[in-house]
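Annotation comment: Swiss-Prot describes 37 as N6-(pyridoxal phosphate)lysine. Annotated active site, proton acceptor per Swiss-Prot: 37, 271, in sequence order. Annotation comment: Swiss-Prot describes 135, 319 as substrate binding site.
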């Protein structure tokens, strides 16, 4: 039984379909790291990980220690890589829970190694190489090769992987992404020439998987990191229009009408006098607000689906509640409202909501609060 009259509905068959789409694109012998950071982009990390592991994922990718620990408590035998920065103070917890960390400096590698040796253990690490994102990583040059040699010599570390991150593989013109891969491949060859090899070599995110697997840029890769595509979204609208791979919607934001009010003409609805009733207005109140992830800016800007009818969201979205106008809408208290989700029910999908807010669906779904229950169908 739901504890609130609002929830996130997750289509598990679509999750499986989208993972199968990844498998159909990457090389047959490739390993797949399902990226489940940010609560699996709002879907729910535990259930999503369970499904991806059932479908053949070899690795899980997250951004923070807390995310990794949550997954480790459920999937203790599954390798988990923290793709984001891990402070030195996290070293003991990384080691004790057999987690893998991203590193990009000799100084941090030395701290991690010393901590591991005190526990008579080894910490698995993946080296981050900056090929053009200019966020984190070692430069792909001779100096970094010497640093990598020193890192590999540390007794408390097991350097199991090396990777880079593509910043613009969803662009129509792939020049930058291909230049990144050219730099990464050249660096891998330089390392190999000095007998420096890695169990895992990875670079492709969803955009790379969807657009760059037909060339030879991925010839040295054996691990792939799908993220947003697992949840039914293309990395950009341009890719959605041109990509032959079919992805299925996974996530819908839903709420029930908890009260219907008749408000006379000449009144304001909600905070700040942002909606004026120029006629007698039937107002449905939903127990859903911006603290749940429904952006405040959507008030007076979108229509929501109620019993296959479209009704406007009116007034400013409150922290915990919002309003819909029900004039000429067949609805009653307790009826379900789809704020965004499956278009077969006439609702906007999250990418359309994102476009309206001049953002991306990654933000629309990953900001859905954990206080919303996830209902898996």
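Sequential numbering from 1, following the chain as shown.
Placement of Cβ uses the backbone N, Cα and C atoms for every residue, glycine included.
All protein chains included, residue 37 (N6-(pyridoxal phosphate)lysine) registers 19 other Cβ atoms within 10 Å of its own Cβ. According to its DSSP assignment, residue 319 (substrate binding site) is coil. Take the CB of residue 135 (substrate binding site) and look out to 10 A: across all protein chains shown you find 11 other CB atoms.
Other Cβ atoms within 10 Å of the Cβ of residue 271 (active site, proton acceptor) number 14 in total over all chains.
Reduced to three states, the DSSP call for residue 135 (substrate binding site) is coil. If you measure from the Cα atom of residue 271 (active site, proton acceptor) to that of residue 135 (substrate binding site), you get 40 Å.
It is 25 Å from the Cα atom of residue 319 (substrate binding site) to that of residue 37 (N6-(pyridoxal phosphate)lysine). Residue 37 (N6-(pyridoxal phosphate)lysine) sits 18 Å from residue 135 (substrate binding site), taking the Cα positions as reference.
Of all Cβ atoms in the shown protein chains, 11 besides its own fall within 10 Å of the Cβ of residue 319 (substrate binding site).
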